[in-house]
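Asks: Copied straight from Swiss-Prot:
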type	residues	note
BINDING	His83, His182	heme b b562 binding site
BINDING	His97, His196	heme b b566 binding site
BINDING	His201	ubiquinone binding site
TRANSMEM	33-53	transmembrane segment
TRANSMEM	77-98	transmembrane segment
TRANSMEM	113-133	transmembrane segment
TRANSMEM	178-198	transmembrane segment
TRANSMEM	226-246	transmembrane segment
TRANSMEM	288-308	transmembrane segment
TRANSMEM	320-340	transmembrane segment
TRANSMEM	347-367	transmembrane segment
Amino acid sequence: MTNIRKIHPLFKILNHSLIDLPTPSNISAWWNFGSLLGLCLAIQIFTGLFLAMHYTSDTMTAFSSVTHICRDVNYGWLIRYLHANGASMFFICLYLHVGRGIYYGSYTYSETWNIGILLLFAVMATAFMGYVLPWGQMSFWGATVITNLLSAIPYIGTNLVEWIWGGFSVDKATLTRFFAFHFILPFIIAALATTHLLFLHETGSNNPSGIPSDSDKIPFHPYYTIKDTLGFLMLILLLLLLTLFTPDLLGDPDNYSPANPLNTPPHIKPEWYFLFAYAILRSIPNKLGGVLALIMSILILAIMPFLHTSKQRSMMFRPISQIMFWTLVADLMVLTWIGGQPVEYPFTIIGQVASILYFTIILIFMPLASLIENKILKW
C-alpha cells in the first residue's frame, strides 16, 4: 500500500519539501540557516501575537502598556524579551545566510536570490517598525530620523513624509499604522519564504563545492532533519541565554525613557543590526546621496549574479576571492562599530573609508580577483 504522505494532496507537498526531497550529500552546517530563519519567524509570530494581546498602539498608553506587559502579565517579561532578542537572532541568521550565499555562489539561482533580497527588505522594514512600538526615546527619534530621509526625494519628498506620518510629525497616526504594518508583514514574509523555497526546489540546493550534485543525492529525512534539529536546539539555547541572563545587552538604555518630542537623545542610533547601513548613510554629507547609498548597500546584492566572472561557482577553491570575501566581512564589522559611534573625528573618516571600501570590494575587487584566478588556472 502506498504511504499516505505520497498520495494525499496536502501531505504530498510537505513530503516533497521536507521528507523525500533529494539533497546534496555534502552540504555543511552553513546550509542550516534557512531552517533556522523559519524557526526565528515562527518564534517572532508566536511571541508577537501574545504581545499584541496586551499592547495598545496609542501615544498616551503605548509605553505604559509595554511596562504593564513586563510587570503584570504572566511571563510577560519573558515574551517581550524573547521577541526583542528573537529579532537579533533573526538578523544574525539572516546575515550568515546571505554571507553563505555569496561565499558559495548561491546567487546564480537568480529567482531564489531575488526573492531572498525582497525578504531581507521586508524583515528590515518589520524590525524598524517594531522598534518604534514601545514608544521610548529611541523609538520616537529613530522613527523621526529614518522616515525623514524620504524628504530627500526630489519634488514629492515632503508630501511623502507627511503622508507616511499621517500628520506633520511622528504621532498617534504614525504609531497606529506602524503597529498595523508590523503585525501584517510577518505573514507576508512567511508567504515570500514559501515562494523562496518553491524556487529553490525547482533547481535543488547548491553545495560547498559548487558543482552539480545530481549523481550524489540523499533524502532530506532523516539525515538533514536531525541536522536541523541540532541547529534548532543551539539557536534556542543561545536565545534563552541572551534573554534570561542579559536581556538588555543589545538594546538601548534611552528606550527606557518615554518618548519626548522636546528632548533629543545625545546619540540617535538604530538597533545593532542596522548600524552598518546607518554608517554608510552618515558617511555621505549629501542627504539624497546618503539615502541612495543606504538603499544601494542592500540592493547591490541584486547585481551580484552579473558580477560573477569566475569559471568556478563556489569560493571553496579560490583563495584570492576568499581574501576579498573576508575583507568584506571585516569591513562590515567596522561599519557596524562606526554606526554606533558619535559623528566626530576620527569616526567620520573611518566610516567614509569603510563605506567606499564596501562598494569597491563588491563592484571591483571581487570580479577582478575572479578574473585573476581564471588566468592562473589557464581557464
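Each Cβ is built from the backbone N, Cα and C atoms, and glycine gets one as well.
Since the structure is predicted, the reported quantities are computational estimates derived from the model, not experimental observations.
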Asks: State the Cα to Cα distance, in Å, between His83 (heme b b562 binding site) and His196 (heme b b566 binding site), rounded to an integer.
Replies: 24
Asks: Do the transmembrane segment (77-98) and the transmembrane segment (226-246) share at least 3 Cβ pairs closer than 8 Å, excluding pairs fewer than 6 residues apart in sequence?
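Replies: The answer is yes, given that the two segments have at least 3 Cβ pairs within the 8 Å cut-off.
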Asks: Which residues of the same chain, at least 6 past either end of the transmembrane segment (113-133), have a Cβ under 8 Å from a Cβ in it?
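Replies: Answer is 55, 57, 62, 66, 87, 90-91, 94, 98, 101, 106-107, 139-140, 142-143, 146, 174-175, 178-179, 181-182, 185-186, 188-189, 192-193, 195-196, 199, 270-271, 273-274, 298-299, 301-302, 304-305.
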Asks: Test of understanding: give the count of other CB atoms lying within 10 angstroms of the CB of His83 (heme b b562 binding site).
Replies: 21
Asks: List the Cα distance (Å, whole number) between His97 (heme b b566 binding site) and His182 (heme b b562 binding site).
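Replies: On Cα coordinates alone, these residues lie 23 Å apart.
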Asks: Given the binding-site residues His97, His182, His196, His201, which one has the fewest other C-beta atoms within 10 angstroms of its C-beta?
Replies: His201
Asks: Given a Cβ distance threshold of under 8 angstroms, which distant residues of the chain, six or more beyond its ends, lie next to the transmembrane segment (347-367)?
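Replies: Answer is 279-280, 282-284, 293, 296-297, 300, 304, 307-309, 321, 324-325, 327-328, 331-332, 334-335, 338-339, 341.
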Asks: Could you tell me the C-alpha distance between His182 (heme b b562 binding site) and His196 (heme b b566 binding site) in angstrom, no decimals?
Replies: 21
